[in-house]
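Following: one structure in structure tokens, then a few remarks.
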């Protein structure tokens, strides 16, 4: 057979959609050519495979296939038109061509044309008729029509009866195109002449070549019953709802027979022309003629049915009357919309831009009219939307950015409903998974961490564990930890701690010492394994906790091999006398450094007591003659840590005989009136200069402010300077425009404003809340009036309303000054000037103080009385430069004057007080020292390290009695001085002066 095809390309508004129609005959061989889709759609054939081109049919059967290399559409399975479409006049197969990248949808409809592959056929091979001989010529006898599955020209086209003299055929064509054949009696029958007729009925189709089918008609000639039943209507018409239930009465037919008796008894039935479908859907009561619904009706399959009925009497021979019933079905909304999904992408990346196609959706409804109009929607709370395409096709696309960390999976419910009453709906859910990208950096559960580590820890101990979480997925969420380089005591942090890259545990790499390092900070970084990787960091503050790992150390008095010797105690010392004070320190902190002192052992424990917290050794009672001349105490010093550490020190001293004499004037040792006067002079000059500069700046600011007040064109005065009434009147004139005359109602036109109107108040400068200095009441009563100001030119004027308050005394009503002071705009400038002035004077003052300190320190290096030179061994040469010429002393005896201990206080102070006065050993009698010059005054100073520091003093003539002991109120820290008064001829033993030199 010659293949006929044609192509119709329908362009639609959507450039990605088109419809193609082909036509092929049925029963084509597999692989037969249908059309070239690539050429007809204008597509690139080699790219069909890459773009995932595929055919999608509704019933899932693939009658056709496509060659991905050349785009040719071919027959994939046998196509039998009669099997697909039955007796329908038109038959077509439709499917969609889906192409991706970009997504395109093309609808293809292939019309299956009929070929004459089926001959006509009759239901039976024989037809038996009984015709009474009295039947008049012209009577018609319906015959069963032949059936041909083909359509159009290939179906039954005509009938042919074998030649005879009595019968002929009458063929009628109905509106549906079916051929109805009837046997027409041409001549009267004579049973006696011929009782039986054998005729051959042949049915021919219109195909090429023609096909035919035959049936044998056997006619028996009968007698008697000569009236056929007649229906009251030739055609019955009725409407029926397609959802009519089984047993519903459709219509009742009625026929009459003119005969009598059994010849008039009628039986109703479907005629031989009724199709099998009619017999399945409807039933006809043979007695009553009622037609009822027997099977399910479907408007979508067929909306009209033609029922051929007959009424047959019981005569002999029987006679039948024929009629037809047209049943028209009305559509009801009995079909829900159907949703079909094609090109579904179940996974979409969270980086997908809005408009990305997720799925292509096709919605259909088998109903018609409003019942077949469908609508489709999805929920609004999802980041997707539907885009409608022609013929109820939709695209599901993204409408917003996706964030997998918030929602990693969406169940998009697609709801479709029709416009019927009531509307029917259906839904389908599309599951869309969001794939991950590395768009989140790891986040620590804390912005900063604090770890407490006990000192003396073992290297490798875990001190803290940090945790960072990454909301991403898989590799993007795998977090590794590291430590960022951060200097700790001029070193990197790497030698101190390390972090496990997987668990986040931080380990100490060394044993920490609280006394060297109390705390430090490191930065821990968390980095994911994404591409590109993201990171974040958190600060970890490591605080070292103190352990009691240091024992107390005695700092005063200075010990040697755990023992110390302090100055002698006078025998006359009263109870409570301060012998000495033990001072100790502990390198630990807190409770570990809290020290307590107690007397562990003593020569006479009843004589001494030790302050638990102060460490002061005091006498409990008066010293008796029976007490030992030398005492030794063992002091135990303990800290408050766990475990407790302690230290002991042995204190030795002697008890000497009573010392008498006047108080020693300590001011003579320290006071230097010359330098003291110079220092005061410097201070007076500097403070006078800065005060003068400050006063000068203030005066300049006041002058500047007054100048501003006079130059501002205001109708009031709120400046610093309070002007007189005369100045107020003149100022009022100067602050307005051209000199104008003022007119008051009820007064002279050229009269001046009385003085009483010009009183004002003085406020503090630049203040919006200043109070009045005073308020002067008015001399006369002045009501509210309008002040008119005019110039010499005509027709130009301005008005101002003045409101005055008349007060009886100053306590009546106080005006609000905020309006006056708020109008000044120079407060910021004044502040600027004040800040500049005060800053300059402060800078000068600071420079002066620095210079004074530098000069003072230089003097201190030259003068021993100001700075106690710690750790300096005084030689004979440098001592000589700070005093008069000296000579060595040859001595053979011992001195009789006591030593005097004092403390270095603030420089140039004459208010220093002694810590205490301790006489030297009582075995030193008065002796003379032979010298060549006059009596000299020797002063030897010891600092806290028991080194000798020379001190300047005045020469004193004569002998000085030893001063009595006295307590000092000054701090006991500092340099202790011993002064020795000598007479001529005093003799000293060499061992007593082994640690210092003597000069005069």
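Each Cβ is built from the backbone N, Cα and C atoms, and glycine gets one as well.
What TrEMBL records for 1-18 is signal peptide. Residues or ranges marked as domain 'Cadherin' in TrEMBL: 14-122, 123-231, 232-339, 340-444, 445-554, 569-655. What TrEMBL lists as transmembrane segment is 681-704, 830-855. Marked as region 'Disordered' by TrEMBL: 955-982.
Long-range neighbours of the transmembrane segment (830-855) within the same chain, counting only residues 6 or more positions beyond its ends whose Cβ lies under 8 Å from a Cβ of the stretch, are 679, 682-683, 686, 689-690, 693-694, 697-698, 700-701, 704-705, 765-766. Sequence-remote contacts of a segment are chain residues at least 6 beyond its ends whose Cβ falls under 8 Å from one of its Cβ atoms, and for the transmembrane segment (681-704) they are 720, 830, 833-834, 837-838, 840-841, 844-845, 848, 852, 855. Put simply, of 14-122, 232-339, 569-655, the stretch with the most CB pairs closer than 8 A to the domain 'Cadherin' (445-554) is 569-655. Under DSSP, the residues of the domain 'Cadherin' (232-339) split into helix, strand and coil as follows: 10 helix, 48 strand, 50 coil. Averaged across the domain 'Cadherin' (445-554), pLDDT in this predicted model comes to 89. The helix, strand and coil residue counts that DSSP assigns across the domain 'Cadherin' (445-554) are 4 helix, 51 strand, 55 coil.
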